[in-house]
C-alpha cells in the first residue's frame with residue numbers, strides 16, 4: 001500500500017472530522033436561537049457526522065497497517081467495517097428525525113428568527129460542498145470505500161441543507177408545518193443513503209467480485225498477450241484499496257516451463273500497470289488438460 005494512498009485517506013478523514021465539529025457548534029447556536037426542528041435535524045446529523053468521521057479516522061489508520069503473520073491479506077477490510085458502522089449511525093439519526101418530525105407536525109411551533117437559521121444553513125451548505133469536493137477528489141485517486149461512504153453521507157447533508165433553506169423560507173411566511181415535513185423528508189433520504197451504504201459494505205465483506213468493466217479489462221489484457229491460448233477461473237475481490245486477482249492461463253503443451261513462467265510474469269506486470277497495488281496470482285495450465293478438467297476458456 002503506497003504512502004500516497006495513506007496520506008490522502010488520512011487527510012480526508014481528518015478534514016471530515018474537523019468540518020463536522022465546526023458545523024456542530026454553529027448548528028447548536030442556530031437551533032438554540034431559532035427553535036427550528038429542521039436545524040435540530042441538521043444538528044443531530046452533525047453529531048452523527050462526528051461519530052462516523054472519528055470512526056473512519058481510527059479505522060483508516062488501522063487499515064493502513066501492512067500485512068502481518070495473523071493478517072496475510074492486510075487490514076483493508078476494516079474500511080468496509082467502517083462503512084457498515086456508518087450506515088448504522090446514519091440509520092439511528094434517520095429514526096430520530098422521523099420521531100421529531102412527527103412530533104412537530106402534530107404540534108407545530110413557530111420559529112423565533114428564521115433569518116438566523118437561513119444564514120447558518122447557507123454557511124453549512126458552502127462548507128459541506130467544499131468538503132464533498134475534496135472527498136470526491138480523494139476517492140478518484142484512492143478508491144477508498146471508507147472515504148466514499150463518508151462522501152455519500154456528506155452528499156446527503158448537502159441535500160438536507162438545501163431542504164432546510166426551503167423549509168425556513170416557507171416558515172418565514174407562516175407555513176410552520178413545512179419545517180416538520182422537510183424533517184420527515186430528510187429522514188427518508190438519510191435512511192435510503194444508510195441502507196445503500198450498508199449494502200455496499202456487506203457486499204465487500206462477502207468478497208463481491210470486481211465490477212464487470214474491470215474484469216473485462218483483465219480478460220482483454222490476457223487475450224492480447226502472445227503465447228496465451230486461453231484463460232479460465234478468473235476470481236477477483238477487493239479489500240480496502242487492494243484488488244485481489246487470480247486467473248489461470250492456458251498455454252501450448254510444448255512451451256518450455258521457463259518461457260511459460262516468463263509469459264505469466266509479463267501478463268502479471270501488464271495487469272499491475274492497469275491496476276497498481278493489486279495482488280495478482282497467475283497459474284499456467286497446458287491446453288491439453290483444460291478440457292479434461294471441464295474448464296471453458298474465457299477467450300473463446
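Here the Cβ of each residue, glycine as well, is placed from N, Cα and C on the backbone.
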Annotated stretch (transmembrane segment, per Swiss-Prot) among the listed ranges 156-176, 219-239: 156-176
Stated Swiss-Prot location of transmembrane segment, expressed as one of 82-102, 250-270: 82-102
Where residue 157 (Zn(2+) binding site) sits in the secondary structure, as DSSP reduces it to three classes: helix
Contact set, same chain, for the transmembrane segment (12-32): CB under 8 Å, 6 or more residues outside the stretch: 39-40, 42-43, 46-47, 49-50, 53-54, 56-57, 60, 116-117, 120-121, 123-124, 127-128, 131, 134-135, 138, 144, 146-147, 150, 154
Considering the transmembrane segment (114-134), which listed stretch of 39-59, 82-102, 156-176, 178-198 counts the most C-beta pairs under 8 Å: 156-176
Cβ atoms near residue 45 (Zn(2+) binding site) (within 10 Å, other residues, all chains): 29
Same-chain residues near the transmembrane segment (178-198), Cβ under 8 Å, at least 6 residues beyond its ends: 36-38, 40-41, 45, 83-84, 86-88, 90-91, 93-95, 97-98, 100-105, 108, 111, 149, 152-153, 155-156, 159-160, 163-164, 166-168, 170-171
Three-state secondary structure, residue 49 (Zn(2+) binding site) (per DSSP): helix
